[in-house]
Amino acid sequence: MAGAELEVLSALDKAKTQWYHFTAIVIAGMGFFTDAYDLFCISTVTKLLGRLYYYNPSTHKPGSLPPNVSAAVNGVALCGTLAGQLFFGWLGDKLGRKRVYGATLLLMVVCSIASGLSFGSTAKSVMTTLCFFRFWLGFGIGGDYPLSATIMSEYANKRTRGAFIAAVFAMQGTGILAGATVSIIVSAAFNNAYHRPSFSEDPIGSTPPQADFVWRIVFMLGAIPALLTFYWRMKMPETARYTALVEGNAKQAALDMTKVLEVELQAEQEKVDKIRAADNFGLFSMEFAKRHGLHLVGTCTTWFLLDIAFYSQNLFQKDVLTAVGWLPKAGTMSALEEVYKISRAQALIALCSTVPGYWFTVAFIERMGRFTIQLMGFFMMTVFMFALSIPYYTLRDHHKYHIVFIVLYAFTFFFANFGPNSTTFIVPAEIFPARLRSTCHGISAASGKAGAIIGAFGFLYAAQNSHEGKQDPGYPTGLGVRTSLIILGVINGLGFLFTFLVPETKGRSLEEITGEDRYDAEFAPYP
């Protein structure tokens, strides 16, 4: 068995934490910040879109998006993300991380701006335009998942790699918070300039025509952070692991990393050729199935199951927000007041449970390891989901239990982020060979988005009241919120079990994990 660790990769693994590490975190992280902003800001303005375009005086209620329109507006970006994860993940391995990275960002900038425009002023034309551009926005966002994770894992040293990838992903929490904050500022400014009475006082006057600018401005502002990092993305050199192990150009890899690390490095072309000759199996080969098949099943299933639970949080968010008085009844507010209060509630939830969870992962991942954090996260989510679901109606309907209701809700999603929501993003960027890393991460992420679509829409229908006439307008009867939450508890339990298919990667180099540091044909990673 011959050792063939390349000097350039060894230098990256052993490098002390330097300025270029933080630069890479910011460049990759700002993409994720934009992703989260664009994906989650829609929830702050969907009620406004309903009031603006779907008001029906005969109902004596504020306008709301019909179920099919609501599903399209909210779900089309998730569908685009799923497609983008598969396509750009594959492309990142074919053309290189850097070349594709700029394309995803440009697509996000163009579609963020275009989402705020519309051809025509009827409800149908506005929603069609919005859905079209949000699909392509999602497509660009999808590309950012495998590329950001892969670039960060390939640049990082082995001692702090998990924390660095987690820090990139933690920008998602900051992006969610920023989306809510921008909606608060824009709606407050417009409400101050065009103050209107509540819906119950003046159904038509409660929605000023100028409110149509609010959702457009919120969407368009999402282009700014992406645009700011485009120049720096283009200046980043291709990762040494891609240049050496995929393209086979040892000289260029050594040159690029000499500039980054500011040390002299040897090219070692002969070693590169031997590694590539011994380790060239494809994604659909028996060799891949033998070495990494179970790992791919593990990363796909855990991400799929996690996202069903994570994206279903909007099922009972409404009950939580109403219980604590953060969200009054729609009729007691004007359109702009409603945007303000929904955004404020989302910002508070992000601050209290979402953002801290991400940064707990950053702080503890190199001490506890990926496997332990994921196992703990799924276990705690299962416990809190059952604790929330079994006495659900008692917690919701009795004022004395409201504080318990909020704490259980907050902890469920705290442990999603200090748990599998972070680790399912990190591990696929570490356990697959360089030439398939971006593709496999894209497949794992796309499995997650399939779960997100089930969580956001399948459970939206499942959670409807089981008694005819008590469900939301336009929806069929369902299983009820309590039953839906019990099913989600079971799903979290399955995530706990499937975690055992995913190996621990803490403290090991990428090549040691995947077997690319050897050129013995019999070598198999993970004894």
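Count begins at 1; order follows the chain as displayed.
Note: Cβ is positioned from N, Cα and C throughout, glycine not excepted.
Those TrEMBL annotations? Automatic predictions, nothing curated.
As given in TrEMBL:
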- 22-49: transmembrane segment (TRANSMEM)
- 24-507: domain 'Major facilitator superfamily (MFS) profile' (DOMAIN)
- 69-88: transmembrane segment (TRANSMEM)
- 100-119: transmembrane segment (TRANSMEM)
- 163-190: transmembrane segment (TRANSMEM)
- 213-232: transmembrane segment (TRANSMEM)
- 293-311: transmembrane segment (TRANSMEM)
- 345-365: transmembrane segment (TRANSMEM)
- 377-395: transmembrane segment (TRANSMEM)
- 401-419: transmembrane segment (TRANSMEM)
- 440-463: transmembrane segment (TRANSMEM)
- 483-502: transmembrane segment (TRANSMEM)
TODO: Run the contact check on the transmembrane segment (213-232) against the transmembrane segment (22-49): 3 or more C-beta pairs under 8 Å, excluding pairs closer than 6 in sequence.
DONE: yes
Among 22-49, 100-119, 345-365, 401-419, 440-463, the stretch with the most Cβ pairs under 8 Å to the transmembrane segment (69-88) is 440-463
Here the stretch out of 22-49, 293-311, 440-463, 483-502 with the most C-beta pairs under 8 Å to the transmembrane segment (100-119) is 22-49
So are the transmembrane segment (483-502) and the transmembrane segment (22-49) touching or not, going by 3+ C-beta pairs under 8 A with a sequence gap of 6 or more? no
Taking every residue in the domain 'Major facilitator superfamily (MFS) profile' (24-507), the average pLDDT works out to 89
